[in-house]
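Report on the following structure.
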Amino acid sequence: MKNVGLVVIVWIIVGWSSCMGRFVVEKNNLRVTSPESIRGVYECALGNFGIPQYGGSMSGAVLYPKANQKACKNFADFDISFRSRVAGLPTFVLVDRGDCYFTLKAWNAQRAGAATILVADNRPEQLITMDAPEDETTDADYLQNITIPSALVSRSLGSAIKTAIAHGEPVHISLDWREALPHPNDRVAYELWTNSNDECGPKCDAQIQFLKRFKGAAQILEKGGYTRFTPHYITWYCPEAFLASRQCKSQCINGGRYCAPDPEQDFSRGYNGKDVIVQNLRQACFFRVTNESGKPWLWWDYVTDFAIRCPMKQEKYNKKCADQVIHSLGVDVKKIDKCIGDIEANTENPVLKEEQHAQVGKGSRGDVTILPTIVINNRQYRGKLQRSAVLKALCSGFRETTEPPICLTEDIETNECLQNNGGCWEDKTTNITACRDTFRGRVCQCPIVQGVKFLGDGYTHCEASGALRCGINNGGCWKHTQMGKTYSACRDDHSKGCKCPPGFKGDGLKDCQDVNECEEKTACQCRGCKCKNTWGSYECSCSGSLLYIREHDICINKDARGDVSWGVIWIIIMGLGAAALGAYTIYKYRIRTYMDSEIRAIMAQYMPLDNNPNSQPSSQLEL
């Protein structure tokens, strides 16, 4: 067993050194708003437990306890409570690093009513990531119950806050997670670094529960094209000096190139690391095959079904059970086997080789050293492996206003448009609003409704524009119906604006008043006319047998109108006749002229004409 321990230690050292090339500490902003002496923006490191408020922010007042300053004991034993008073700011408790796990400090602060825990470093160093304990013997039942955010601050900032509090100055801090993850576009790329091992204690149990609970949301996001998901698996290699050992052969495949720790940490019983690495490879190949077929979301069905149907405790953690699950999902087992390849061959496995390369950090992402690890938009997620917490982090990775509907549900974010319409413009008549709820808050943006675009600042004014604007609340213009007649100040041939129709005057928005054409003498002013105003128009009549012509504002005799009409008709007929006769005369004249010219031309060829000055007698030409 001594050699076994030595091999395990070597593997851990080699694996750790291969991964420790560049570990990136994920940070967010901490803004001290008071007192003036320490006001400013500082960096703090996110803890890898609790629930960071990705996409949001939180403000609170900082308290430094007079006792239990390292928070390693229950604050109730010291009669200390951090619960906020009514209408008071949330309490951020500041504690010192040392003597116990970071998670225990957070749990004790949470039980005492703190909204956030800030841990002051006890040494002048670069910020580190506070992680949960790896020791399975530790009583860690509380780990899954930690919900408050946590952050590590530098020793210098911690000392400055303590000094201000000691001098009676209130310290107010705002934690901002809105830029903790990049959000460049409308699609989020994320990775889950996981393991098929289900015998590694509380962490494995929590991971399996997460896969089951998060599967529905993950598949909705993937099917909708909102996300691009990729699963990954960490592997180690066996040191060359131990390649021939029994332990190395039982924990590795492909000549010691790809290894996994023994699930039970006992080489004499149960499954071994080789079984784990093969199942990891099978899951990676399952994803590749289904991704190529356009159904990458089936990976979630496979890993959850495998965890349920093929657990180690029931001795079903094998290829036979895995193939049954694959077949039940309608995936070709032969394609999976082909992807896996020969695990006994002393050659590179292309799939696992890529996985090893992917472990090394690139760009802003550090090396993957913690299992499980979630990477969102090339940044490592820090916090509790919980459905709502991870979903919040994913949602914060979308560019604002491009979030999918699942990100705007009540259990994920607060709809700020529900209270006072978010301070945005609103048309209560049609229930149209410029307030658009987003994961990070809300934006005031004039909407597009039924193809009609509203224009304005979104806060105090939005106006419908375009050809169809009058179909929505009459374009926001005045409209009224009276005595069976409807008049509107909206015109579809205008892209915007309101104008009272003829017969009315006003602003066109809220009011259009009838114009009294009779009093203003703008119509019906002819001799003998009688004017009567109506709503939106007027009526004009003539006395006796006279008839009113509205177009010319004139009264004429009905009979005279008939005589005049027949006279006009006869004049038109005579005019047409004269025009026809003139045209015929011109036609005859042109024909006669043409014929004369043709005859003269023919005769000129045979005899001289008198009117030709160049003609001479034929006798003279003969001489």
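A Cβ is built for glycine as well, from the same backbone N, Cα and C atoms used for every other residue.
What TrEMBL records for 1-21 is signal peptide.
The domain 'EGF-like calcium-binding' annotation in TrEMBL covers 514-556. Long-range contacts of the domain 'EGF-like calcium-binding' (514-556) within the same chain, counting only residues at least 6 positions beyond its ends with a Cβ under 8 Å from a Cβ of the stretch, are 482-483, 485, 487, 501, 503-505.
For 564-587, the entry in TrEMBL reads transmembrane segment.
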DSSP-derived helix, strand and coil totals, residue by residue, for the domain 'EGF-like calcium-binding' (514-556): 4 helix, 20 strand, 19 coil
Rounded mean pLDDT for the residues that make up the domain 'EGF-like calcium-binding' (514-556): 83
